[in-house]
Amino acid sequence: MLSADRMGDGAPNEEVFYSKAENYWREVAPTVDGMLGGYGKISNVDIDGSKKFLKKFLGEGQGKTGNCCALDCGAGIGRITKRLLLPLFNTVDLVDVTQEFLDQAKVYLGEESKRVDNYFCCGLQDFIPQDGRYDVIWIQWVIGHLTDEHLVEFLRRCRGGLRPQGLIVIKDNVAYEGVIPDEVDSSVCRDLSLVKNLVARAGLTVVCEEQQLNFPDEIYQVHQLALR
């Protein structure tokens, strides 16, 4: 398994793992289709599923999550920020490892970019959310670019970045069993039990889980996990 704590003989080291991913994304077109690996056609279905999932937690009353500020992790050009987060939150921050994507996000978001407070160019393995800032931290299609140990550490930091009753959401592909490496973009796809194990190691609890429906059959299943 490709992880900081369990890299066996012959496995690429941590530095290579991250640098290969950064190099891959530098060559990807800063478009919706580029962000989705050529599957731009699924964007509407993806956003609709995310919105239905997230709206279960937003609102007023005991246990409900506020709508002041959200963080978009692995934001790319801001597809999720524009379609999901800005319509639901007062302000949004974006973090991504590729500066070109963040520069394009300012164009892609148009007038709504006025409600983006921060564009952080940083890998999630190094990113530290501001304490108590976020109602929702959205982490989609990016956990495979973190080693096990770095994912645990990042989720722990995200816990500290939440406001009262705040929520972390992971939405990502899951393997049927074990870990499947992708040499093309230097990532891994973990099965659901492994993801949940790493979540638990970070001191978080899965409060809701759903599979995203109506995606093409040829891609891995995608699951949404709400964490607190």
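Along the chain as shown, the residues are counted starting at 1.
Cβ coordinates come from backbone N, Cα and C, glycine included.
Note: TrEMBL annotation is automatic and uncurated.
Computed from a predicted structure; not experimentally measured.
If you look up TrEMBL, you'll see Gly74, Arg79, Asp96, Val97, Thr98, Leu124, Gln125, Gln140 marked as S-adenosyl-L-methionine binding site.
Within the same chain, residues at least 6 positions away in sequence whose Cβ sits under 8 Å from that of Gly74 (S-adenosyl-L-methionine binding site) are Val95, Asp96, Val97, Leu124, Ile139, Gln140, Trp141, Val142, His145.
With the fewest other C-beta atoms within 10 Å around its C-beta, Gln125 stands out among the binding-site residues Thr98, Gln125, Gln140. Cβ contacts within 10 Å of Asp96 (S-adenosyl-L-methionine binding site), excluding its own Cβ and spanning all protein chains shown: 26. Residues Gly74, Arg79, Asp96, Val97, Thr98, Leu124, Gln125, Gln140 are listed as the S-adenosyl-L-methionine binders, and the farthest two of them sit 22 Å apart at their Cα atoms.
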